[in-house]
Structure formats: C-alpha cells, structure tokens
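These features come from TrEMBL:
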- 21-40: transmembrane segment (TRANSMEM)
- 52-74: transmembrane segment (TRANSMEM)
- 81-99: transmembrane segment (TRANSMEM)
- 105-126: transmembrane segment (TRANSMEM)
- 138-159: transmembrane segment (TRANSMEM)
- 214-235: transmembrane segment (TRANSMEM)
- 300-328: transmembrane segment (TRANSMEM)
- 340-358: transmembrane segment (TRANSMEM)
- 370-389: transmembrane segment (TRANSMEM)
- 395-417: transmembrane segment (TRANSMEM)
Amino acid sequence: MWWDERVSARFRRNLQPTLTYWSVFFSFGLCIAFLGPTLLDLRCQTQSSLSQITWVFFSQQFCLLLGSCLGGVFKRTLAQSLFALFASSLAISLVFAIIPLCHNVVVLAVVMAVAGLAMGCIDTISNMQLVKIYQKDSAIFLQALHFFVGFGALLSPLIADPFLSDTNCILSNSTANASSNLPHIRKSLVPHHPGNLSHYDLPMKGMVVTRVSYAFWIMALINLPVPIAVFFLLYKERMVPCFNSSSHPLLSADELAMETQPTEKDDLPTAFALHCFLPGHDDLFSCCQSKNFRGASYTYFAVHITGALVLFMTDGIVGEYSGFIYSYAVEEPLSVVHKVAGYLPSLFWGFITLGRLISIPVSYRMKPATMVFINVVGVLITFLLLLIFSYSVVFLFVGTASLGLFLSSTFPSMLAYTEDILQYKGCATTVLVTGAGIGEMVLQLLVGSVKLAGISPPSTDCRSFPTLLPG
C-alpha cells in the first residue's frame, strides 16, 4: 500500500467503523443535493406557489445547522454515537420514501426539517469519530469521508433527472410560456432564499402529472444499506440488546505492535484513539461553558475562531456559488445560453468531487496546514481572475472548475489541522462544523438579498427572471 505499515495496520483494525462512517456521509451527500432539481415537481405535488415551496430549502438548512450544533450531545459514548448515526441514516431513507406522500407544503417542510436534523448529526458525529480513531493520521481519512459526500451529491441529481417533468407538471391553459422555459426556472431556483421567483406565475390548481416519486423511492432503496451497515457495527461492538454475546476480534501480535508503536509524529499513544471518550469534545453548548475556558490561552480561542471563520467563508462560497452561478451566467454581459449555463453547477460539483478524490493520497504526503494555505490562496486568486476576466465565458468555466478544485479539501484539511494543534481535546469539530453550516446559510441569504435588490420589475418576456447582476 502507498502509505506506511503503521497507518495500514490501524486502517485494517478499524476497517468496519471507517467504511461505515464513509457510507453514512454518502447518505449526507445523497440528501443534500436532490432538493434543487426536484423542487418544481414537488411544487406540483403539493400544489403550492414558488415562494411557498422554496421555504423547504430553508427548513432543511436551518435544521441541518441545529443538528450540527446538537450532534456532539450524542457522542459522549460510542454507543450514543452509533445509535444516533443509525437513527439518522434510517431517517434519511424514510424521508426519501415519505416525500412522495407529502401533498401539503407544510408537511413537506416538516419532513425536510427532520432530514436536516439527521444530516447535521451525521456531519458532526462522523467527523468526530474519525478524528478520535485516527488522531494525527486522520487527515487522509477525513479527505475520503468528504469525497463520499461529494459522490452522493453528484449521484442524487443523476437519479432524479430521468423523472423530472419536461413541461409544467400541473396541467392548465395558462402555462404555455412557463412550460417552454421550465428548465430555466428550475436552475434559477436559489437554495435557502425563498421568493426569488415569486413574481413568476405558475398554476397552483389543475391535474398533477409528475413521476418524481420514483426517483425518491430509488434513492430510499440506495440509501437503505447504510443504516444496515451501522446496525452491523452496533452488533460487532456488542451494543444491540439481546445480541451482545459477540466478542471483539483480537489484533495479531504484529499488528498490535505496529499500531501502538510511537513515532516521531505521534506524541500521544495511538491506542488512545480507539473509541475512547475525549473530554472537551462535546456539543456546541457544552463547549461554551465557562469551565472549559479556565486557564485557556489566547491561542486556544484564536484557533477556534480562525478555523470557524475560514470554513464560514469557504463552505458559504460553495453554497452561494453553486446556487447563483447559473443565474449570473445567463444575464448580461455574459448572456450564456440557458442550456450551456446549466452545465456550470455540475462542473463545479464535479471538480469538488474530483478534488476530494485527489486529496486522499495528497493528504498523506502533505501537511494539513500546507493544504489549507494552498486552498485559501487558490480560492482568492481564482476569484481575482474571475473579476478581471468577468466578460470571458471561457474563463467562467475555467474559474468554476478551479474554484471547485481549491474548495474541495478545505474542510477536512482545516479540521485535521485544528484538531492536531489542540491535541484532540478541544471543541474544534463542533465549532468548525457549526461555523461551516452558518456560513452556507448566511452567505446565500446575503447574496440572494443583494440579488433581489438589483432586480428590475419583470417584463412580459418569458426570459425575464431575477438573476445575479455582475459586479
């Protein structure tokens, strides 16, 4: 294997838990990306207006933030963590199965809120558990973890696409113009900013014709092995009631010596990483207790604040760029053809996934601090070039790919670096996950508000949609 034998031995020892956490993050990615493409069909299913249905975005993202804050509550012990992951992954499968049955927009928003809570718990717990297991070797495994969320985010729209309506899915005599531009409306829906297309009139009454239910049932089946995998991990760890007679597999003498052997990079025993409780790794509210601040240096606060701010910006950029790049491209001065502009979000997410795949081997040879520095500088340079070449359609595509590549590994690299500095005893994971969630939500709301402020009143031309004004 391309890594050293010590890391390989630790990976073999923790193979089942590691693969389980990776698969749970695949559920996270599968759930985070389906809502945008399917929102118009869900609008038809619930017979609601565009302004009403886009609140479903907000309910999911807001509860994802709550779940990220509260996820640390369930990791006080390994049993709590695994049961929370089992419940969360099972909830995502149930959400996929229940969505086709939601014919009221309020019910749909509640269901998506449950999905958001599950996703938030998955985000916090999976990151924490991998850091606990691998500690100073966690960077490579965190990169792989975030590759799986990108893979799920790519797969989800591909599953949904064959079942999306090509024409308006509520049959009415007043929808001729809307039907011809339905793909444009679909790509112009901005996540977490309700009402950005509320001026555009689509029928709310009539015969509903949509096949999107099949997409959700397929995703429910694809996700079903994930809670099963978590259940088998619970069974292996003897945490399932009435099935606790199994014993833990023992390490061979060579593996045990290799795993517990100290190295120059390790100043903590590696055996300490195996599913033990680390004080201070708690939920966001416990992290804020005054007892955790006694004797803490300014560096302790600076590391948490800096890490949270970096992820606030970078994860926020991921959310707002993917949500607004299509609208920006189709407006002057670029005026990209709608069908061509539709490839931009896919290109962005594709290079995020590619970057996370490349970062898996790179993170073993390169320090997390170096990777964070390269990522942040790369993002700044890319944005500067996008401003300089703001009239170039070609560079818009090049810059989109470059931005996705540099943003791809920022979160896992920052998490590994911060936990390394704090010796795996701080509240870094919860603080960073929460900061990233707030950034993704706030930046999209902020950019959406600026966008709406610059929109002129809609004309009768069916091409007049609110779009992000350049500059």
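The backbone N, Cα and C atoms fix where each Cβ goes, glycine too.
Curation plays no part in TrEMBL annotations; they are all automatic predictions.
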Touch test for the transmembrane segment (370-389) and the transmembrane segment (81-99), at least 3 Cβ pairs under 8 Å: no
Cβ contacts the transmembrane segment (21-40)/the transmembrane segment (105-126), at least three under 8 Å, sequence gap 6 or more: yes
Winner by Cβ pairs under 8 Å against the transmembrane segment (300-328), considering only 105-126, 138-159, 395-417: 395-417
Long-range neighbours of the transmembrane segment (138-159), counting only residues six or more past its ends (CB under 8 A): 3, 7, 11, 18, 21-23, 25-34, 36-37, 126-127, 130-131, 215, 218-219, 222, 346, 349-350, 352-353, 356-357, 359-364, 368, 371, 408-409, 411-413, 415-417, 419
Within-chain partners of the transmembrane segment (340-358) [C-beta distance under 8 Å, separation at least 6 from its ends]: 33, 143-144, 146-147, 150-151, 153-154, 157, 183, 187, 318, 321-322, 325-326, 329-330, 396-397, 400-409, 412
Non-local residues, at least 6 beyond the ends, that sit with Cβ under 8 Å of the transmembrane segment (81-99): 20-21, 24, 27, 30-31, 42, 71, 74-75, 108, 111-112, 114-115, 117-119, 121-122, 125-126, 128-129, 213, 216-217, 219-220, 223-224, 226-227, 230-231, 233-234, 237, 239
